[in-house]
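Quick look at what Swiss-Prot annotates:
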TOPO_DOM  26-377  topological domain 'Lumenal'
ACT_SITE  E99  active site, proton donor/acceptor
SITE      K158  site 'Transition state stabilizer'
SITE      S285  site 'Transition state stabilizer'
CARBOHYD  N343  N-linked glycosylation site
CARBOHYD  N368  N-linked glycosylation site
Amino acid sequence: MRLSVRRVLLAAGCALVLVLAVQLGQQVLECRAVLAGLRSPRGAMRPEQEELVMVGTNHVEYRYGKAMPLIFVGGVPRSGTTLMRAMLDAHPEVRCGEETRIIPRVLAMRQAWSKSGREKLRLDEAGVTDEVLDAAMQAFILEVIAKHGEPARVLCNKDPFTLKSSVYLSRLFPNSKFLLMVRDGRASVHSMITRKVTIAGFDLSSYRDCLTKWNKAIEVMYAQCMEVGKEKCLPVYYEQLVLHPRRSLKLILDFLGIAWSDAVLHHEDLIGKPGGVSLSKIERSTDQVIKPVNLEALSKWTGHIPGDVVRDMAQIAPMLAQLGYDPYANPPNYGNPDPFVINNTQRVLKGDYKTPANLKGYFQVNQNSTSSHLGSS
């Protein structure tokens, strides 16, 4: 009996020693970590150097970081940004997804903090320096882009007004590239007015006001694009993308360093399919990009702009001429379409396309009026 008691006491003692040893080991490791942190200079922990790791449905692991070649698609709303991102989304290696809406707002806030001398002083005094803010912006933007859709080898973001911050974004993501969608401002404004696309600061009851605001917005974006440089920012003319999709998309994919895929010419066939094109049920362009690329949206603005605005067009929107559009031509000669596009237009006129099942009930595609409401914008 005594022997049994001794064995029990011995076993208990060994267990106690083992627990104490484990706890001591943990404390040693924690102390080393603390000491290492004290010896490191301030800011040695760099979250912007960390990677996001995601696993796709194909069980492939994707790693995303600040050095990745992100693609940013933007431009004044109603300039073809949705069509462009749908075409890219059709590529098997690319995922753009719907507008996040939040990224341009956060970028605008960041810009406001920088412009306000008093606010910047307060932030600096609190230790919230430009370096801290930039690291936080970098992590936030990457997190939103990466996690608001399925993982892919190449990620892109389409929020139209992000390209007002191209220079800043190119600093946060040094290997990023930008596609600036450019469209005849008269067509963009007619589209936003007739489709009642609310944009902050635009008076949708006035063509003159909207064209003035269009001019200001595209002027800022174009200047940012030029400052970033032609190696990183490519102006993409909506009219040429629609008239000559194969030629335009080859130039775009070459610029982005992405291999060619015929899928980009048939985005409408991949809508709502796994790994294909995901469309928002509430974005204004959704009911248009379900159709193949077609022609009539190019010039359906003709005859709708008030006469006094037409007369003053060169003064109201000087960026038209700078971008290569004739402000006095109504409409300009944008060029001759490829046979492929003519065939697509005939398909649309016949109603030879289907609304994806997941989008039915959220908008109506009136096939009886397609002859006057064609196009993807």
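Residue numbering: from 1, along the chain as shown.
The backbone N, Cα and C atoms fix where each Cβ goes, and this holds for glycine too.
Remember, it's a predicted structure, so these values are computed and weren't measured experimentally.
The structure, with features from Swiss-Prot marked on it.
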| residue | record | CB count, 10 Å |
| --- | --- | --- |
| E99 | active site, proton donor/acceptor | 23 |
| K158 | site 'Transition state stabilizer' | 25 |
| S285 | site 'Transition state stabilizer' | 23 |
| N343 | N-linked glycosylation site | 13 |
DSSP three-state assignment for S285 (site 'Transition state stabilizer'): coil
Rounded to the nearest Å - Cα separation of E99 (active site, proton donor/acceptor) and K158 (site 'Transition state stabilizer'): 6
Integer mean pLDDT for the topological domain 'Lumenal' (26-377): 88
Pairwise CA distance, K158 (site 'Transition state stabilizer') versus N343 (N-linked glycosylation site), rounded so that it is a whole Å: 28
S285 (site 'Transition state stabilizer') and N343 (N-linked glycosylation site), Cα-Cα, nearest whole angstrom: 22
